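Structure record follows, encoded as structure tokens.
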Amino acid sequence: MDKSLFYNPQKMLSYDRILNFVIGARGIGKSYAMKVYPINRFIKYGEQFIYVRRYKPELAKVSNYFNDVAQEFPDHELVVKGRRFYIDGKLAGWAIPLSVWQSEKSNAYPNVSTIVFDEFIREKDNSNYIPNEVSALLNLMDTVFRNRERVRCICLSNAVSVVNPYFLFFNLVPDVNKRFNVYDDALIEIPDSLDFSSERRKTRFGRLIDGTEYGEMSLDNQFIGDSQVFIEKRSKDSKFVFSIVYNGFTLGVWVDVNQGLMYIDTAHDPSTKNVYTLTTDDLNENMMLITNYKNNYHLRKLASAFMNGYLRFDNQVIRNIAYELFRKMRIQ
């Protein structure tokens, strides 16, 4: 297949963000490209790298790390010893499981400029996220990067879901129809894989998976873990009613009486006196702590809308937060 069809990270790198998320079709070459890039940086500039997976068992075959990219560097010796990577006899990088990040706190990595975290979004058949996973990655980044400027962490994933601990933690709501969603210090890239998909459909395996859910992810870069049920932008006639603060997120609740629908959105009226929270962690001035939603008119209406199917959510992230909220309210 033509090399130009595969993923090229140069545009993403040009934005120079410290934290980057690349979510692309399976087989498009994300992992391959993000092996080649740090190898080149080491050969040219002596910059080291760290390769991260979530758990130790995922690094069981790390000895094969260089196998697929060795052809790109015929004049260099690429060797793996344990969880260390060597290029031309010099230490170039480390493989680290995120689950043991605490053991790295006392280590120093002054020459590491790139961290690559592969498969940062959990797939259905994989192991769970580790507890406080985003904080674990941030701790690792802090240990490695310290206060240096020319550094970056690149997180790779197949198109599984835009609802994940990382986007929730940083309150990132990407437009899945845009290739680059750029924020102050972070970036989300969703590569266009149309030409790649067209060519891959011509292969025997491509024909096999075409039209299946797996094919939607692998060929079309569709987020197969994200249902569109109840996802709907609020109507122009909807009116703001109240806000709920949950896990640091402020959710605005809107009502369209003509359509008989209620909406949850990030948009809200900051001057409203109707602000509720369910936890003391979120409680602040000018908020009401609600321990039983049945005792509050607004939350009873919200629960009723949810249970009767006339509640809508602005996007996948908002829906995920709201579902956690309803579980907290003991509404299943």
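Keep in mind that glycine also has a Cβ here, set from the backbone N, Cα and C atoms.
Around the Cβ of Arg26 (ATP binding site), the number of neighbouring Cβ atoms within 10 Å comes to 18. In the three-state DSSP classification, Arg26 (ATP binding site) falls within coil. What Swiss-Prot records for Gly24, Ala25, Arg26, Gly27, Ile28, Gly29, Lys30, Ser31 is ATP binding site.
Here Swiss-Prot flags 1-207 as region 'ATPase', drawing on experimental evidence.
For 233-332, the entry in Swiss-Prot reads region 'DNA-binding'. Shown for the region 'DNA-binding' (233-332): DSSP residue counts in helix, strand and coil, namely 27 helix, 29 strand, 44 coil.
Less than 8 angstroms from the CB of Ser31 (ATP binding site) sit Asp118, Leu156, each of them six or more residues away in the same chain.
Long-range Cβ neighbours of Lys30 (ATP binding site) (same chain, at least 6 residues apart, Cβ-Cβ under 8 Å): Tyr7, Val22, Gly24, Leu156, Pro191.
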